[in-house]
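Take a look at the structure set out below.
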Amino acid sequence: MAIVISPSILSCDFADLRGELAKIAGADFAHVDVMDNHFVPNLTLGLPVVERIVAASPVPVDAHLMIAEPDRWAPAYAEAGCASVTFHAEAATAPVRLARELRSAGARAGLALRPATPVEPYLDLLGEFDMILVMTVEPGFGGQSFLDGTLPKITRLREAIARTDADVWVQVDGGISRATIERAADAGANVFVAGSAVYSAQDAAAEVDALRSLAQGAHRH
Ligand SMILES: O=C(CO)[C@@H](O)[C@H](O)COP(=O)(O)O
Ligand SMILES: [Fe+2]
């Protein structure tokens, strides 16, 4: 199982996006949080800025859409060149149809679940998605504390994936740091988003490497 590190640029200096993206050239993806002030009570950036990030980023873009009406808006992020587009189950009307649209536009299709959203309704549909994002904080803000109560959901999901022949990634997002990444990896996550842990570190590149080694050491085999 691949270990994937996807730093969130939510905590970076938005006035120097190109310089901040350069710091994470050793990561696997750049995680970009799109918030619309409807689905979550915060507003970040939208398609025109994401298009510029795709062009400037040294690594592929992993878009996390915290937006209402993803059925309407998400395909444009795939068409803009995001390598991975993740939308929220709670906001989507037809998640399978949308995932198929994202894949046919060339992106990996991700389904995100808030901490209190059960994974069980999606377990028979895992083959429709490339990644399930288990939110480990309530979406909307960086710098929150990791919710240990999400760990059993990660494990149930990983066990269900193991019963299929689909290679579905399990992403965790929220409160991931040196203190928490091993718990998430041990539970069964393989894609790790870290915002404040990476961008508040003295050396962001070294922090990416440190998180990767901790996850590799802890990942259940
Ligand atoms: O989607 C979100 C927040 O809703 C995240 O991607 C945050 O950006 C993660 O930040 P940290 O918890 O790692 O500081
Ligand atoms: Fe995110």
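From the backbone N, Cα and C atoms, a Cβ is placed for every residue, glycine too.
The annotation substrate binding site is assigned in TrEMBL to Ser8, His64, Gly140, Phe141, Gly142, Gly143, Asp173, Gly174, Gly175, Gly195, Ser196. Ser196 (substrate binding site) has a Cβ environment of 17 other Cβ atoms inside 10 Å.
For the recorded site, His31 (divalent metal cation binding site), the DSSP three-state label reads strand. If you look up TrEMBL, you'll see His31, Asp33, His64, Asp173 marked as divalent metal cation binding site.
Look at TrEMBL and you will find Asp33 tagged as active site, proton acceptor.
Among the features that TrEMBL reports, active site, proton donor is placed at Asp173. Long-range Cβ proximity for Asp173 (substrate binding site), meaning a same-chain Cβ under 8 A and a gap of 6 or more residues, is found for Ser8, His31, His64, Ala112, Leu133, Val134, Met135, Thr136, Val137, Pro139, Val193.
Sorted by the number of other CB atoms within 10 A, the binding-site residues Gly140, Gly142, Gly175 start with Gly140, the lowest.
Cα to Cα, Gly142 (substrate binding site) and Asp33 (divalent metal cation binding site) are separated by 10 Å. Listed in sequence order, the residues of the same chain lying 6 or more apart from Asp33 (divalent metal cation binding site) and placing their CB within less than 8 Å of its CB are Ser8, Ile9, Leu10, Thr44, His64, Met66, Gly142, Gly195.
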